[in-house]
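> Below you'll find the structure I mean.
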Amino acid sequence: MSDVSKASLPKAIFLMGPTASGKTALAIELRKVLPVELISVDSALIYQGMDVGTAKPNAEELHAAPHRLLDILDPAQAYSAADFRRDALAEMAEITAAGRIPLLVGGTMLYFKALLEGLSPLPSADPEVRAKIEQQAAEQGWSALHKQLEEVDPVAAARIHPNDPQRLSRALEVFFISGKTLTELTQTSGEALPYQVHQFAIAPASRELLHQRIEQRFHQMLASGFEAEVRALFARGDLHTDMPSIRCVGYRQIWSYIEGEISYDEMVYRGVCATRQLAKRQITWLRGWEGIHWLDSEKPEQSYNEVLQVVGAIAD
């Protein structure tokens, strides 16, 4: 697309960053002075009843800056990148039609990528094929299916852990339905985002600072009732660790503690480690991302002014 035709597109802002980097706080401040509406880009914040462990904005923050695509699903429900793209595009169109600018804020990079670049034409899920895969897994174990995936799609197998049944079964399902590998199909991009996007990423200048923030926040969450929140989910009886909601960082570790698999101290240690690993993956994604304006989360006023400088011009 030419620069001229790009300039005629409606405007949108991405505010990305690793967990515990201050994205939400910055977005809320920006909402006070810019004609923007916030859309959450977070695969954990979509779930109802998962507030403490996801660092969901509180009632006061949401009153000041309402977030769309927040609390839209029960934790028993699944939600794909395709679902997000569909919902985000609908919200963006509504915001743009009202004469305002969509500000998409979050840390789920796969959602941002799906929105920006479009999705490859993957086949829809087939319950019959999925049932056969699950039956085979019950008989032979998921490690045997992982070896099967290694034979047909070694690239996908290298990315998918043998203990990740959801992604493993999907990769095999795609191959059985289409005769093409997940790797082949994902190399075919879909429809690009019909917006002129200004992209920002916020993170601390040093990894040590981010690690400190993560550890402090995890302890704050525990002090704010994180364990009680997970116990309430556990008590429902219809949720389990194969579900994306319960695999969210922190939730999975507390779940293991509740089941008696690990001690409290081990749960805290694993929860902090898992959150740090998530942040590392998020930063790796962002470093390979083109067209990003980086912001230092340790300098909130400077970050705020930098965004205003760029966005102020497009918001006039």
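Backbone N, Cα and C define each Cβ position, glycine as well.
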> Using Swiss-Prot as the reference, determine which range in 80-87, 128-135, 280-287 is annotated region 'Interaction with substrate tRNA'.
280-287
> For which of the residue intervals 151-156, 175-180, 247-252 does Swiss-Prot record region 'Interaction with substrate tRNA'?
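Going through 151-156, 175-180, 247-252 one by one, Swiss-Prot flags 247-252 as region 'Interaction with substrate tRNA'.
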> Looking at the candidate ranges 34-37, 42-45, 234-237, 262-265, report the one that Swiss-Prot labels region 'Interaction with substrate tRNA'.
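Checking Swiss-Prot against the ranges 34-37, 42-45, 234-237, 262-265, the region 'Interaction with substrate tRNA' one is 42-45.
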> Give the range, chosen from 21-25, 161-165, 166-170, that Swiss-Prot lists as region 'Interaction with substrate tRNA'.
166-170
> Mind checking which of Lys23, Arg130 has the fewest other CB atoms within 10 A of its CB? They're the recorded positions.
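Each of the recorded positions Lys23, Arg130 was scored by Cβ atoms within 10 Å; lowest is Arg130.
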> Could you tell me what the rest of the chain brings near the region 'Interaction with substrate tRNA' (247-252), counting residues at least six beyond its ends with Cβ under 8 Å?
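Distant contacts of the region 'Interaction with substrate tRNA' (247-252): 19, 43-44, 47, 50, 53-54, 218, 221, 226, 230, 233, 241, 271, 274-275, 278.
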> For the region 'Interaction with substrate tRNA' (42-45), how many residues does DSSP put in helix, in strand and in coil?
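Residue counts in helix, strand and coil order: 0 helix, 0 strand, 4 coil.
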> Whose Cβ lies within 8 Å of the mean position of the Cβ atoms of Gly17, Pro18, Thr19, Ala20, Ser21, Gly22, Lys23, Thr24, the ATP site, other than those residues?
Gly107, Ile202, Ala203, Ser297
> Among the recorded positions listed here, Thr19, Ser21, Thr24, Thr108, whose Cβ has the fewest other Cβ atoms inside 10 Å?
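Selected from the recorded positions Thr19, Ser21, Thr24, Thr108 on minimum Cβ neighbours within 10 Å: Thr108.
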> Report, in whole Å, the straight Cα-to-Cα distance of Pro18 (ATP binding site) from Thr108 (site 'Interaction with substrate tRNA').
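That comes out at 9 Å between the alpha carbons.
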